[in-house]
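Features reported for this protein in Swiss-Prot:
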BINDING   S112, I113, L114, P115  (6S)-5,6,7,8-tetrahydrofolate binding site
Amino acid sequence: MKSLNIIFAGTPDFAARHLQALLNSQHNVIGVYTQPDRPAGRGKKLTASPVKELAVANNIPVYQPGSLRKEPAQQALAALNADIMVVVAYGLILPKVVLDTPRLGCINVHGSILPRWRGAAPIQRALWAGDKETGVTVMQMDVGLDTGDMLLKTYLPIEDSDTSASLYEKLAEQGPVALLQALKGLANGTLAAEKQDEALANYAEKLSKEEARLDWNKSAKQLWQEVRAFNPWPVSYFEHQGNTIKVWQAHVSETISTAAPGTIISASKRGIEVATADGVLTLLSMQLPGKKPLNVADILNARGEWFSPNTRLANEAE
């Protein structure tokens, strides 16, 4: 198999895992693009991205332009004379002149089965919608948002136990394997691109903290999907006793209830059962303000009086 001279562009840990796979391969990473250092932590100290840290540790030249729209940045990239540019969660828009610069163009690893869940939060939205499977798509980039021709797809079933955290880990393992497979096909000229079906496309909007508020007027199944989608961020929550209480883990109960949505039906070490518009949601792990996440048995030991049966939890509209 031919080795390729690669520019890698990415920023978070998810991207760094793909860079590590390239460094372990026969390909040559000749330059790394990543976001400028950002203030982080309580001291707001300028902090390098995980991708930059990995590149520096491996003595690879690092480029951190604030934009790739200006000619000097574009000329610097062209001077690297790369065969291909691999983009994984980079965070900057690539103008057409950049997309056309490498001999084989630019490819992207995206955490969904395109054209479903284009955009910023594909892992979370797949859980939020109750999808049964997700996966990774390697695509040839164009000027649209995740609209390029698909080069390779790998599939992953979504388990009932999955959260965004666990799916992230699974896709962070699957993505690098798919990337190396796609690069092999591109280097050998054996990979056929497939157009995306626009009729099947939808958009994975970024999550917001406001969206994580549990609305008991939804079904138990939808709320269960949201709890999993919003773990580990921003974490589903409800307001009660003047406090914001986060819900880290829940499941749909087999209990049947005609109580008003938001009514606590039972509270035991097995969970706190809450009536919804359709079905009952059992809360299993929660977090009180200023505390770490705890299982419900420990929560009830500390604040059992808050969760007495027939207590009504406030709804979003109330």
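For all residues, glycine too, the Cβ spot is worked out from N, Cα and C.
Keep in mind the model is a prediction, meaning the values are calculated, not measured.
Long-range neighbours of S112 ((6S)-5,6,7,8-tetrahydrofolate binding site) (same chain, six or more residues apart, CB within less than 8 Å of its CB): R118, P122, I123, R125, A126, T134, G135, V136, T137, A204. Residues near I113 ((6S)-5,6,7,8-tetrahydrofolate binding site) in space but far in sequence (CB under 8 A, at least 6 apart, same chain), listed by position: E133, T134, G135, T137, K153, Y155. The C-beta environment of L114 ((6S)-5,6,7,8-tetrahydrofolate binding site), restricted to residues of the same chain at least 6 apart in sequence and closer than 8 Å, consists of T137, M139, D146, M150, K153, Q196, A201. Apart from S112, I113, L114, P115, the residues listed for (6S)-5,6,7,8-tetrahydrofolate, the same chain places the Cβ atoms of H110, R116, W117, R118, P122, G135, T137, D146, M150, K153, Q196 within 8 Å of the centroid of those Cβ atoms.
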